[in-house]
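A.B. asks: This is the structure, below, for whatever I ask next.
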Amino acid sequence: MEDEIELKTAPADFRFPTTNQTRHCFTRYIEFHRCTTAKGEESNDCERFAKYYRALCPGEWVDKWNEQRESGTFPGPL
């Protein structure tokens, strides 16, 4: 008997009713980093936000945002 893998993505969010999920992606990225700032890098509470932004955001965007955060030029409110 094989183990079944259950695939999940970010749940629907009433703040983002349209099919364009760019803003949803950016918001989840910011929520994750705000959570880790408030609760620490190892907080399990923040892991859901990480799963959401990883499911919604293209990897290139995340890489760029991470570089911007490190250099202090990230445009969002963290």
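One is the number of the first residue shown, and numbering goes on along the chain from there.
Each residue, glycine too, has its Cβ placed from N, Cα and C.
What Swiss-Prot shows for this protein is this:
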{"type": "DISULFID", "residues": "Cys25-Cys57", "note": "disulfide bond"}
{"type": "DISULFID", "residues": "Cys35-Cys46", "note": "disulfide bond"}
{"type": "DOMAIN", "residues": "22-65", "note": "domain 'CHCH'"}
{"type": "MOTIF", "residues": "25-35", "note": "motif 'Cx9C motif'"}
{"type": "MOTIF", "residues": "46-57", "note": "motif 'Cx10C motif'"}
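Help me understand the surroundings of these features in the structure.
C.D. replies: With a cut-off of 8 Å between CB atoms and residues at least 6 apart in sequence, the same chain places Tyr53, Leu56, Cys57, Trp61 near Cys25 (disulfide bond), listed in sequence order.
The DSSP secondary structure for Cys35 (disulfide bond) is helix. Its Cβ placed at the centre, Cys35 (disulfide bond) has 17 other Cβ atoms within 10 Å.
For the domain 'CHCH' (22-65), the list of distant contacts is 8-10, 13, 15-16, 74, 76-78: same-chain residues at least six beyond its ends, Cβ to Cβ under 8 Å.
DSSP assignment over the motif 'Cx10C motif' (46-57) gives 11 helix, 0 strand, 1 coil.
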A.B. asks: With every protein chain in view, what's the tally of Cβ atoms within 10 Å of the Cβ of Cys46 (disulfide bond), excluding that atom itself?
C.D. replies: 20
